[in-house]
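Enquirer: Let me give you the structure first, and then I'll get to my questions.
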Amino acid sequence: MASELGARDDGGCTELAKPLYLQYLERALRLDHFLRQTSAIFNRNISSDDSEDGLDDSNPLLPQSGDPLIQVKEEPPNSLLGETSGAGSSGMLNTYSLNGVLQSESKCDKGNLYNFSKLKKSRKWLKSILLSDESSEADSQSEDDDEEELNLSREELHNMLRLHKYKKLHQNKYSKDKELQQYQYYSAGLLSTYDPFYEQQRHLLGPKKKKFKEEKKLKAKLKKVKKKRRRDEELSSEESPRRHHHQTKVFAKFSHDAPPPGTKKKHLSIEQLNARRRKVWLSIVKKELPKANKQKASARNLFLTNSRKLAHQCMKEVRRAALQAQKNCKETLPRARRLTKEMLLYWKKYEKVEKEHRKRAEKEALEQRKLDEEMREAKRQQRKLNFLITQTELYAHFMSRKRDMGHDGIQEEILRKLEDSSTQRQIDIGGGVVVNITQEDYDSNHFKAQALKNAENAYHIHQARTRSFDEDAKESRAAALRAANKSGTGFGESYSLANPSIRAGEDIPQPTIFNGKLKGYQLKGMNWLANLYEQGINGILADEMGLGKTVQSIALLAHLAERENIWGPFLIISPASTLNNWHQEFTRFVPKFKVLPYWGNPHDRKVIRRFWSQKTLYTQDAPFHVVITSYQLVVQDVKYFQRVKWQYMVLDEAQALKSSSSVRWKILLQFQCRNRLLLTGTPIQNTMAELWALLHFIMPTLFDSHEEFNEWFSKDIESHAENKSAIDENQLSRLHMILKPFMLRRIKKDVENELSDKIEILMYCQLTSRQKLLYQALKNKISIEDLLQSSMGSTQQAQNTTSSLMNLVMQFRKVCNHPELFERQETWSPFHISLKPYHISKFIYRHGQIRVFNHSRDRWLRVLSPFAPDYIQRSLFHRKGINEESCFSFLRFIDISPAEMANLMLQGLLARWLALFLSLKASYRLHQLRSWGAPEGESHQRYLRNKDFLLGVNFPLSFPNLCSCPLLKSLVFSSHCKAVSGYSDQVVHQRRSATSSLRRCLLTELPSFLCVASPRVTAVPLDSYCNDRSAEYERRVLKEGGSLAAKQCLLNGAPELAADWLNRRSQFFPEPAGGLWSIRPQNGWSFIRIPGKESLITDSGKLYALDVLLTRLKSQGHRVLIYSQMTRMIDLLEEYMVYRKHTYMRLDGSSKISERRDMVADFQNRNDIFVFLLSTRAGGLGINLTAADTVIFYDSDWNPTVDQQAMDRAHRLGQTKQVTVYRLICKGTIEERILQRAKEKSEIQRMVISGGNFKPDTLKPKEVVSLLLDDEELEKKLRLRQEEKRQQEETNRVKERKRKREKYAEKKKKEDELDGKRRKEGVNLVIPFVPSADNSNLSADGDDSFISVDSAMPSPFSEISISSELHTGSIPLDESSSDMLVIVDDPASSAPQSRATNSPASITGSVSDTVNGISIQEMPAAGRGHSARSRGRPKGSGSTAKGAGKGRSRKSTAGSAAAMAGAKAGAAAASAAAYAAYGYNVSKGISASSPLQTSLVRPAGLADFGPSSASSPLSSPLSKGNNVPGNPKNLHMTSSLAPDSLVRKQGKGTNPSGGR
């Protein structure tokens, strides 16, 4: 390069060209451009940006030598530098790049390296320095200087040392001076994402005032630095430019100003550049070139090594293929033999399993056929029910069309419901065989025509019967009129039923013979009933209770008599409780009607029946017009009622006809009557049977020729078909639509606004302690497991279980109502025993007893007693000089004299009693004296006083202390007048704030029944008799206490009170008694206990709440109806009414009909009767009790409609007061759940418009169990039961797993023993071949090879299971390898292996090269990637005893696999054949998801009977292989003797052994 530059400067003189290889080398190693760019970047001066012309500034630094070579050499970098500096000074964008990056881009990159987000004015100079290129130039310059290793002058060394000392000085100063610590993180904070400089400064300096002072100090320091810099500049004129430049850089570090623009940059000389270049070349030659050469050599050696390894592996594979080909030729015959043996085993197992499985499959097919027949019968019954409903709908449509004069637009829609849209059904049975059930022959058009014909015939028959009845009635009436005209008592009115005067839609006025004013809705109801009568249609008047159904019926009969001249006979049938009400209403509103009350005893009814003459009926002068009777009497006297042709039959409370199988329903249906009217306050029943019953009753013509529906409900087909819900939802709604034209229902809130309001209040009562004990005792006897088991039983068991459970429910309800219902408290007395007296002889009495009443002896005993007063005196005050101790020395310190001591011990019980009283009295004074009266100076005395030995007073629990301290009074058993048994926690409830609080350690008194406890046995004390007069006297004195005064003190407390006690009856204010008479019990001294009436109230929470409620209601002037379901409870309520002196009346099922009328009338007319006790069933129907304004349900009924009827006895027309209904409910008991169920029942009634009688016996066992158990308790028990069941299943699973392991181990052991025997006998075992990677499924001749499989099942997640003892398919496993079982769970995870291109398979074009449906390239080989033999094993060791063992294991596993495949195939074939034998159409095109996928025809070859899908359970344990004998996918074998490849290609489906 130097030569070229020199030639260019000499004026273009030519030089010889260098050799070509030198030019290539120079061109490859040319670094001119790189060096220029590097020098421009690193040699640029810091102040180059401030200079105007970089080129001019750089020229003076060039050496002054006039060598043009040096100038030319230095010119390019200087010009480049000048261009760079010029561009920088002009403020334009840099046009050159620094290492390929623009200068503006480098500044942006530098800005990204620092955090300038919180940078303020004081640190702006750091930003300019960090973003400028000066630091890089200085660093590059310093690096160049270091590389050049220039020798430092003495002055430069001194400067460096001075700067180092200066630096250390300021570092020490910074560390000591706390004010300088504010500059911590001054520049280091810019390198972090979070700049802590200002936070540190604020922490050290505090407020801003201090900062201002610091800034002033800083400015002063900066002035000093500037002055010092000026002095250095003056001195620098004598120093070298290098030192000056170094100092400016140093001062720039301590100041905010850049170095002055006058400084010049020093440039290197040519010699220095050449030396640096030579140094770089030496480094390249010495270091880089040898390193590159070594890397190339190592790479070549590695390549050669890999090539050798690859060649070795290729050689080994080719050798293995050759060996394998030779081995295949030898093993062809043994393989064929083994194949034949396995096929024989396969068919043997096939036939065995087929026979066994066929029997089981035939049994299953028979059961399936029975089930299909049952389903078909259920479907037929359902179609029959649909046919009957459709037929009834058509009949109702004809009737309503006639009545409403409508058009025939709904007929086709009704008939369309007979169409059957069911399709052919397929069922997957256990074996996976698809069964096609044959379609039944159902012609919807035929049934449509049949239903239409039946409905039209029934309609015409009904019309004909109506006309016939009218004609007969006309003739009977004419005959009666002729007879009356002859006698002159009749009238000449003519009437024709054929031409009625009333037309549909005409408004009918109120009859004039009706005394009263009908309301608007009642008049509409009468018009509707009259219209039904004209058309000959029966109807149901289902107005809500209390709206006047009775009045509307009477008005209809009055209308017929007045407008149509039909005076009967009319038959009214009602419950026994409303008979008198009907009689009263007829007498009140239509007095012209002659009403015949048909009830009483048989003799009375016989007398009444004398007026039943057909000749005298049908006229106004008939002996009777209306007959009123009850349902019971109709059934009893049915033969008499059937003789009369009734014009109108009215059935009150028609819900009694809910069952079509009842005798009452059948009898009433046989009556001869023109029209029937059903009155019911409850809606239509909510079961299909009850709806059918009502339909049949109001439309008997339609069902006279049909008996199917009776059989339908007797067999309970709905539950048997198990589709009851569908029938209920669809057909139940259709039945309601059928009844709609014949039913009229209004409710109170829609038609009547004059009725007062009705308020219902739930009163929750707490159980008493006695009730809780009984309730819990009953609950403890219940076995929840038995309940759950009984509730889950069959339908036959449900009926028996429900009755027993309902009995249990009634016991709980009894306890809730009153414990007396469950266990009545009777009068109780102990067992009294009279002991025989003991007879004592006179001699024994006189001489045998120690103490007798002998006064002379007693006197001497008192004189000689040690307690004699003179003896005590002598012992205390003995003579002087005798120092004897006395046993009575303590008397002087307890304040008792010798005489008092003698009286206490010798004068008897009375004296001791008096002494005890005086001592207790004195103890009070002594206690007060010791507590309050002791002076301070006498607190320490020397001698004892006369009361110092009375220490009992000082005891904390002494009687005076207990009486004076209120805390000690409350101690247990510290007082004789309190029955405190302990301290316990009490919950205090506050009614106003509805809160409760717990108070601990409160006094707990003994229960009252413990205080009046009576002994079980009592007896008079044993008495003795003696044949001695003195003995009797002494016995009498002893019984009286020794003296009369003692007796008086014991009984009366004092002798003075005895006279007052005897004269107490004559005194107006007698003195209170004392002694034993004052503590006489309330019930006397006798132990006989008679339960009080107060306990009758307090023992029941409900009765206690009722007592409080009745007291309040009586004071406010209300009158009350009390309903209860239990007559025994009404008996208890009667006892309560007598005890509280409430006037009451009682009506229940035992009341006579005549008495009921009088009781209702008395309650309505007499205001002094406060309470009416009624049973819910007997007193809740039909009667009018509007005099009462309060209804109390002591217990709720199962059916909410029954309670609704009962409360409507008071809330009905005529009630002017507000009616309040109270319902008593025991909290937390079975009654809450019964009430909840009743609410759900009423909600269903409102939704479906179908209410009805809810009988307890219709409850299911599960529903009764839900009443007995709480939801939480039931859930807890069920959870425990499920947990126990789960644990039991887990235990059984473990046992089953253990049993299978033992069975498998035993089987394995037997197989091993069998193999050992065969080995000893010398049986030739054929070692199976190990196929190579190239010819996996081919023999030497290209034949398909048989692949045997392991009999063990694979992992459920594995795709391939490869055993070390059985190498399947094309897995190239080394015989000497010790690898064990390999399970590949994900074939996609293994990398595909490349195959050799020179394999025989690829040459011959084999079609099948897969194992288990997976290509060999996708299967990881056990031996692939390893050497031909295992480590440490010599060559040629592959055929060892271990290999023989492998062959034996393979043979056994292959046989077991064949047997298993044959068994499964036989089972599949047996199942298909068995179902086909019972008439099922078995489809051969079975989907892949079927569990058993096999053809039903026995195959002629091996490829015809195998499974056809990889997902079949009959496939191989290698789950996708299907490698079993007979698989058409893998057993594409031909004879081993046919080497032709054409035969191999066309050999699919052929049998090498010629079939079986």
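Along the chain as shown, the residues are counted starting at 1.
Backbone N, Cα and C atoms are what each Cβ position is placed from, and that goes for glycine too.
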Enquirer: Out of Ser1399, Ser1490, Ser1512, which residue gets the phosphoserine annotation in Swiss-Prot?
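Expert: Ser1512, according to Swiss-Prot.
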Enquirer: Where Swiss-Prot marks N6-acetyllysine, which residue is it, choosing among Lys118, Lys448, Lys519, Lys781?
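Expert: Residue annotated N6-acetyllysine in Swiss-Prot: Lys118.
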Enquirer: Could you tell me how many residues in the compositional bias 'Basic and acidic residues' (1283-1294) are helical, how many are strand and how many are coil under DSSP?
Expert: 12 helix, 0 strand, 0 coil
Enquirer: In DSSP terms, helix, strand or coil for Lys118 (N6-acetyllysine)?
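Expert: In three-state terms, Lys118 (N6-acetyllysine) counts as coil.
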Enquirer: Validating a neighbour-count step here. Other CB atoms within 10 A of the CB of Lys118 (N6-acetyllysine): how many?
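Expert: Looking across every protein chain shown, the total is 14.
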